[in-house]
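> For reference, the structure I am asking about is given below.
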Amino acid sequence: MASRTDRTFIMVKPDGVQRGLVGRIVQRFEDKGFKLVAMKMCSPSEEHFKKHYADLADKPFFAGLVKYMQTSPVVAMVWEGLDAAAEGRRILGATKPSESAPGTIRGDFGLEVGRNLIHGSDSPESAAKEIALWFPEGVNEWKKCDYQWVYEG
């Protein structure tokens, strides 16, 4: 990993998978210049989602969220790039699609907060935790040939 970049965790939720938006979502990150270093489609257990969303455990919607996340496979990814967590969140848009700007994933494809298509790490610290949970085997280390055309120096 280059010293000027870090990583973020991105997950396409069941609604994004069922609506066939995985390719378009991947394209948004590639178009921005991010490098995909891990990706898998999976159907995690209730316990896995409880660990993932542990910070929301005291919220009234927690049980419904965990149940919903098990209704279809999800696509878990790790992206690498400059200020990856913050930039990734900008690509996603606001949690509530109605508050998301046009040009963001949620602004372009989302309608309701309970079906907001995608999850993204909110900080480098949460990214590290989520990457470890979803990819305990690690990620791919590789050199992308367009790095010099995306980043200075």
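Cβ from N, Cα, C; glycine included.
These came from TrEMBL, pasted as-is:
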DOMAIN    5-141  domain 'Nucleoside diphosphate kinase-like'
BINDING   Lys13, Phe61, Arg89, Thr95, Arg106, Asn116  ATP binding site
ACT_SITE  His119  active site, pros-phosphohistidine intermediate
> Mind checking how the domain 'Nucleoside diphosphate kinase-like' (5-141) divides into helix, strand and coil residues in DSSP?
62 helix, 28 strand, 47 coil
> Give the number of CB atoms, excluding that of His119 (active site, pros-phosphohistidine intermediate) itself, located within 10 Å of its CB.
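Result for His119 (active site, pros-phosphohistidine intermediate): 20 other Cβ atoms within 10 Å.
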> Are there any residues at least 6 positions away along the chain from Asn116 (ATP binding site) with a Cβ closer than 8 Å to its Cβ? List them or say none.
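For Asn116 (ATP binding site), the qualifying residues are Lys13, Asp15, Thr95, Lys96, Pro97, Arg106, Gly110.
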> Roughly how wide, in whole Å, is the group Lys13, Phe61, Arg89, Thr95, Arg106, Asn116 that binds ATP, by largest Cα to Cα distance?
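If we measure all Cα pairs in Lys13, Phe61, Arg89, Thr95, Arg106, Asn116, the largest is 22 Å.
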> Near Phe61 (ATP binding site), which residues of its chain come within a Cβ-Cβ distance under 8 Å, counting only those 6 or more away in sequence?
Gly114
> Across the whole of the domain 'Nucleoside diphosphate kinase-like' (5-141), what does the mean pLDDT come to? Round it, please.
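Mean pLDDT, the domain 'Nucleoside diphosphate kinase-like' (5-141): 97.
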> Between Arg89, Thr95, which of the binding-site residues has the fewest other CB atoms within 10 angstroms in the structure shown?
Thr95
> State the Cα to Cα distance, in Å, between Arg89 (ATP binding site) and the residue listed as 'active site, pros-phosphohistidine intermediate', rounded to an integer.
9
> Arg106 (ATP binding site) has how many other Cβ neighbours within 10 Å of its own Cβ?
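Summing over all protein chains shown, Arg106 (ATP binding site) has 23 other Cβ atoms within 10 Å.
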